[in-house]
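Asks: This structure is in structure tokens; I'll ask about it shortly.
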Amino acid sequence: MIQGSGSDVGKSLIVAGLCRAYRNRGLKVLPFKPQNMSNNAAVTPDGGEIGRAQAMQALACGAPLSVDMNPVLLKPQTGNGAQIVVQGKVVGTAAARDYQQWKPKLLGAVLDSFSKLAAKADLIVVEGAGSASEVNLRQNDIANMGFARAAGVPVILVGDIDRGGVIAQIVGTKSVIAPEDAAMIQGFIINKFRGDPTLFADGMAFIAQRSGWPALGLIPFCAEAALLPAEDSFGLSTARPKGRGKILIAVPILPGIANFDDLDPLRLEPDVEIAMVRSGEVLPAEARLVLLPGSKTTIADLAAFRREGWDIDLAAHVRRGGHVIGLCGGYQMLGRTLRDPAGVEGPSGEAAGLGLLDVETELTGDKTLAPAVGASAADGAPFKGYEMHLGRTFGPGCAAPLLILADGRREGAVSADGRVSGSYVHGLFSELAQRASLLARLGGEGSGLSYEASIERALDAVANHLESHMDLDHLLTLAS
């Protein structure tokens with residue numbers, strides 16, 4: 001089990017790399033994360049949902065997605081509450097304080113899912129959540145040491161040297177956790193190192209001496225890792241490939257942003273530059289496309305969009321002849337009205353949309369979770385993605401759909417001038433034909449590069465990187 005000294009230390013990436021490395025050695029490997037908190041989710045073949053990090057890890061294993069890979073998924077909503085997804089299905093919502101009372105009931109589901117995976121694999125690589133040293137959350141924990149001890153899984157602790165203070169991260173963890181928890185840790189890894197590793201040899205020795213845990217690896221930065229999707233929204237604030245092409249795509253970062261990995265295939269295109277627009281910034285006037293991504297809290301995010309003045313920027317963008325695409329929650333925002341009579345996303349209410357599409361949306365408790373296959377209505381460009389949304393969108397604008405699904409249903413909407421469009425389908429731009437069609441409309445051309453192939457190459461590169469800087473044979477002995 002890979003646990004971290006904090007969030008964003010690289011746990012998800014290390015698990016994915018280990019999964020691919022051991023798969024390349026001929027083992028049947030599966031990923032597992034007892035509890036994840038993310039609005040970036042993937043749809044499983046049976047209509048459940050798991051964190052997208054586990055979907056990437058499953059890809060690294062060459063395994064089909066399963067709800068058992070991430071039995072508890074928390075999807076943050078407005079305020080301090082979250083939607084609770086257990087073994088792929090929504091079971092309720094809870095405030096942060098109330099969730100502590102849920103955890104004892106969820107441990108059974110976590111261990112059940114782990115047992116199912118263990119029966120099918122030679123090796124399971126487990127990812128913890130957040131920090132192993134959050135002693136205030138230790139009671140009834142199911143994400144880190146609570147799970148590790150219940151399942152008898154050895155732990156490797158990862159620290160992040162890039163953010164500074166890594167010695168204190170590891171030694172401090174040892175000093176605050178219970179001795180019984182510390183005994184589960186079989187060694188530590190230092191991640192994201194830059195420079196000459198010999199200069200940190202004394203640091204590694206000091207950590208080992210003070211913690212009593214052996215050093216299992218000093219992992220340098222891996223350039224190819226940046227090509228893999230980020231799971232957490234604060235990964236959007238760090239340096240990621242954005243291109244330097246002639247087509248500028250502006251993406252506003254809203255508080256409830258979800259499934260933002262829809263952007264990753266566009267980063268692959270040399271003609272594209274992506275500008276992630278943060279609070280306090282304006283939508284750039286030179287953008288050819290403004291893309292509104294998914295949202296877990298659509299009405300609240302629409303209010304935030306207006307507070308930033310981005311509605312004014314967007315109206316000016318449209319007057320200049322710019323293009324707009326809304327995906328899922330972004331699609332809902334582009335319509336005339338959003339209604340949430342049952343308070344599905346928060347307090348019940350209604351909000352005026354941005355009025356760029358002649359549609360309206362009513363949020364309901366029924367959640368659509370399904371693969372989506374079809375083609376563009378305009379040019380027949382094929383796509384393969386998935387739907388994950390609450391409510392339904394309807395109105396005159398739906399008579400001019402963006403997509404035609406394989407079963408003949410119309411999906412999405414396009415404005416009369418063709419410059420504004422919206423859809424519930426995630427993963428559209430993973431398809432070469434869809435990216436080429438979009439870029440042609442924006443005055444560019446597609447590169448012909450396969451997004452799927454780039455992900456596979458990146459996973460192999462990360463696996464080889466870990467093979468070079470960790471003793472994977474020793475890790476296997478720990479697992480046995």
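Positions of Cβ are set from backbone N, Cα and C atoms, glycine also.
Swiss-Prot feature annotations, pasted as is:
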type     : residues : note
DOMAIN   : 246-434  : domain 'GATase cobBQ-type'
ACT_SITE : Cys328   : active site, nucleophile
ACT_SITE : His426   : active site
Asks: So how many other Cβ atoms are close to the residue listed as 'active site, nucleophile', meaning within 10 Å of its Cβ?
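Replies: Within a 10 Å radius of the Cβ of the residue listed as 'active site, nucleophile' lie 25 other Cβ atoms.
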Asks: When DSSP is mapped onto helix/strand/coil, what comes out for the residue listed as 'active site'?
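Replies: Its secondary structure by DSSP: strand.
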Asks: Where His426 (active site) and Cys328 (active site, nucleophile) are concerned, what is their Cα separation in Å, rounded?
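Replies: About 7 Å separates the two Cα atoms.
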Asks: How many other Cβ atoms are found within 10 Å of the Cβ atom of His426 (active site), counting all protein chains shown?
Replies: 25
